[in-house]
Amino acid sequence: MTETTMSTAKPSILRGFDLKTAGPAIALLILCVIGFLLNPAFLSEGNITNLLTRSAFIGIIAVGATFVITAGGIDLSVGSMAAVIAGVMIIVMNSAVDTFGTGVTTVLIGCGCSIILGLGAGLVNGFLTTKGKIEAFIVTLGTMGIYRSLVTYFADGGTLSLNYDIRGVYRPVYYDSFFGLPIPVWVFIIVSIAGWFLMNRTAFGRYCTAIGSNESVAKYSAIKVDRVKTLTYVIQGLCVSLATIIYVPRLGSASSSTGVLWELEAIAAVIIGGTVLKGGYGRIGGTILGALILTTIGNILNFTDMISNYLNGTMQGLIIIVAVWLQRGDWGRSKSAD
Amino acid sequence: MPDGQPISAPILSADGISKSFGSVPVLFSVSMNIRAGEVHALIGENGAGKSTLMKILSGFLQPTSGHIRVDGTTTELPGNGQSEGLGIVLIHQELNLAEQMTVEENVFLGRELLSRGILDRTTMRAMVAGYLNDIGLDISPDDRISDLSIAQKQMVEIVKAMSRDARVLIMDEPTAVLTEAETELFFAQVRRLKARGTAIVFVSHKLTEVSAISDQVTVLRDGQWIGTHAAKDVTPDSMAQMMVGRELSDFYPPMNEVDVDADHVLEVRDLVAPGVHNVSFDLRRGEILGFSGLIGAGRTAVFEAICGLTPRAHGIINFDGSPAQFGSVAEARDAGVVYLTKDRKEKGLLLGQKMRPNLSLFALPKFVKGLSVDRKAEDAALERAIRRFDIRARDPSVKVGDLSGGNQQKLLLAKVMECDPRVLIIDEPTRGIDVGTKQQIYHFIAAIAAEGVSVIVVSSEMPEIIGLCHRVVVMREGEITGVVTGDHINETEIVRYAAGLKREHQQ
C-alpha cells in the first residue's frame, strides 16, 4: 500500500509544482502578449501604471483574504466592509471639518477611523466564527448584508460625498506618484511584502497553514487555534481599511454600489494564485498575480472592441473556473494509477 | 500445503501472485487458499504486502502475474468493488461509511430497494433490523453513523457485507481499534459467520487474537510467502519470529529500576473533568507509568484535561512540587508536559505536508529567531530526528501521508520530543504498526525514561504495558480502580481491576 502511494506521489508533486507556482505567472504573461498584439498601447507606461493602480484595491484585500482562506476560513463581507468604511470615513471627515478645518489633520482622522473600523470589523468576524462557533460562510454572509445595508442607510439611499476642500487635500493619495509609481501601487507593494513575510517566514504563517490543513492537529500541537483564526480576520479587516483609504480619494464618494463584488474578485485572485480554497496551502505571490490577472482581463476588454466590456464578469468567471480545474492537478492522469 | 485438516475445495485462491508498482516489486509469487467456513489470518510486518494481497484478492488491484481462482475457475476479478457481485467483500481499515447517513441507508447504499420508483424504506428497515438482531448489535437502523462507536461502525460494515451475501469476507485489521470486550463481541460474530459457511480472511497485528480466532495462518515477509500453518500448530511467538525472520528475544527493553526516592514530577489530586471522576496519581522522575483499562475508561480524558485540551471541573495538579493549572496546550508544553495523541492521522500529523513543518510544529516558538522561523535550525532538527528515531523516508521532501504508519509514529514521537519535555504522555504508542517498529518504539521510550524524562504510557495492549512499565494504573469508567507495581504487574491482575472485579480503596 505504501508503495502505491509512493509511486504516484512523485509525479503529482512535480505537476503540482509546475502549475501552482509557474501557472499564474505564465497566464499573466500570455495575457500581456495578447493585450500587446491587440493594441500596442497596452504596454504603454500610462496603461501599465493605470493597471497596477487599479489592481491595488483588489490586490491588497486579496492579500488579507489569503490568510483567511489558508487558515480554512472565508470572508464574504470584504466588499460591503469597504463600502461602509468608506461611508463612515466620509461622514467623519465631513463633520470634522468644523473643528479641525480642511487640512491634513482631518484626513488623518478619517484614515485612523478607517483602520479602527477595519480592525473592529475583522475582530467581529473572527470572534463570531471562533468563539461563537458559527460557520465563517454564514457569519460573513450575515455581516456582508449588514454592512451593505448600513452604507445605504448612511447615504440615505443616495451618495455620500466628501467635502470638496478635503478632497483637494486627500486627492494626491490616489493620484500622485512617488519615484514614478502611484502611491496606491506602493501601498500594494508594501502590503504584499509584509504579507509574504508573514505567511512564509513567521510562526504565524505556519500556524495558519497548519490550522487550514487540520485543525485538530493544530490544537494538539499547542497552537491557539481561535486566536490565530481571529487574527486572520483582523488582518483581512486591516487590508480592507488600507484599500479603502486609497480608494476614497479616487471618487471622493461612497454609495450602496461601492465595492460591489469585491469579495468575489478578492477570493478569485486568491484562488487563481494557487491558494487552496479548503485551506492548508497559501501563496501570497500567487494572490498578487491573481489580482493582476483579473485587472488585466478587464483592461484588455477595455482596449479592444472584439468582446463587449460588459462581458468582463464572464471572462473573469471563466478564468476562475479554468484556474481551479488546472489546480486539481490530476487531469490527464489515467484512472488506473490509483 | 501443510494443512493437516480434511481439505475442502477452496472458494477463492491466489495462485503464484506477483505484483509490482512501476519497477518496485511488492509481492513475489504468493499463493493462498481460502476455504468456506474457515478463518484465515494474514500476518506480516507493515510493508510485507498484506494490503496489496488483500486488494488483489478482492479485485481492487490486478496481479502483475499469477491467477485468481474463484471456485476453481481462473477469473479476472472486476475492479472497484464490483467483486462484491461474486460474493467477495473487502472491509477497509478506514471504514467506508457515510457518516451523516443512517445505518439503514448505509447498508443499502448503492442498491436501495425500490417500490414503484420510490425507496422502499419499510422493507429495507425491516431487513436491517433483522441483520442487527442476528448479530446481536443493540442499535437502531435509524441511528446515524456519526453517533456510533468505532466498534459499532465495524459491525455495521459486517452487516453490510452480510446483506450482500458475502461468501468471502476480507478484513483489514478489524480489531485494531476495538477494546478487548468489543473484540470478543466481534469474534463471536466472526464465529457465527464462519458457522454459516462464510470464508473470512483477516489481517491483524495482534498475534494472540490470531491464535484465538483463526484456523489457518499465512505469513508474509517482504512480499514473500513464508508459510501457511494450521493455527493450532503455531504460537504467537513462533508467528512473530516468522514475520520478523529473527529471534525477538529482547522485544522489550531491559527495565531500569526507578529510584523509589526520586521526586514526584507530577502529582494529580482529585481530578474531575468530562469522563473523569476523582483521579489521583503520582509520577516519579524517570518512571514509566502505564495507564491500562478498556477503551472509554477515561484514560485519554485524564491527560487531555491535564494538558489543557479539555476543561477541568476540579482538581489539583502539582508539577515539580508547585501547583500548575495548564490552561492551554502551549502552557503545558512550556512547562514540559507534552501529550502524544493516539490518533496520529487526525490529531497528530499534517498528512499533506512534508516532514520538516510537521516536526517543528509543536515546538515552533523554539525555532523562531527574531521575527522569522529559522529554517536551518529546522533542517538540522529534522536530520537529528531522522537519525535518532530511525525514520525511513525515501527523501525528506516526501509528504508525511505517504510514509508508512511506523515511520509516521516515529516522526510524531520526534515531534513531541522537540519540546524537550520532562513529562511525556504517549497515548497508544504502537497502534497499527508492525512488530519490528513496535520493538524500536519500546526501546526509544525506555531510552527517553533513562534520560530522566518521566513517561506515561496509555495503552490498550496488555503485553506492552506489562513489558514496559514500572507501575500500572488501571482505570474503569473514569475512575482509578487500582495501581499495580513490580511483580504484581500481570494480565490477570490488570484485567480484574479493568473489569471492575477488584478495586483498591485507598488514595
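Including glycine, each Cβ sits where the backbone N, Cα and C put it.
Feature annotations, reproduced from TrEMBL:
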TRANSMEM  A:21-39  transmembrane segment
TRANSMEM  A:51-69  transmembrane segment
TRANSMEM  A:103-124  transmembrane segment
TRANSMEM  A:136-155  transmembrane segment
TRANSMEM  A:175-198  transmembrane segment
TRANSMEM  A:230-248  transmembrane segment
TRANSMEM  A:284-301  transmembrane segment
TRANSMEM  A:307-326  transmembrane segment
Other parts of the chain folded back onto the transmembrane segment (A:21-39), taken as Cβ under 8 Å at six or more residues beyond its ends: 272-274, 283, 286, 289-290, 292-293, 296-297, 299-300, 303-304, 306, 319, 323, 326
Considering the transmembrane segment (A:284-301), which listed stretch of A:51-69, A:103-124, A:136-155, A:175-198, A:230-248 counts the most C-beta pairs under 8 Å: A:51-69
Top partner of the transmembrane segment (A:175-198) among A:51-69, A:103-124, A:230-248, A:307-326 - counted as Cβ pairs under 8 Å: A:51-69
Distal contacts, the transmembrane segment (A:307-326) - CB-CB under 8 A, six or more residues away: 19, 23-24, 27, 261, 265, 268, 271-272, 277, 290, 293-294, 297-298, 301
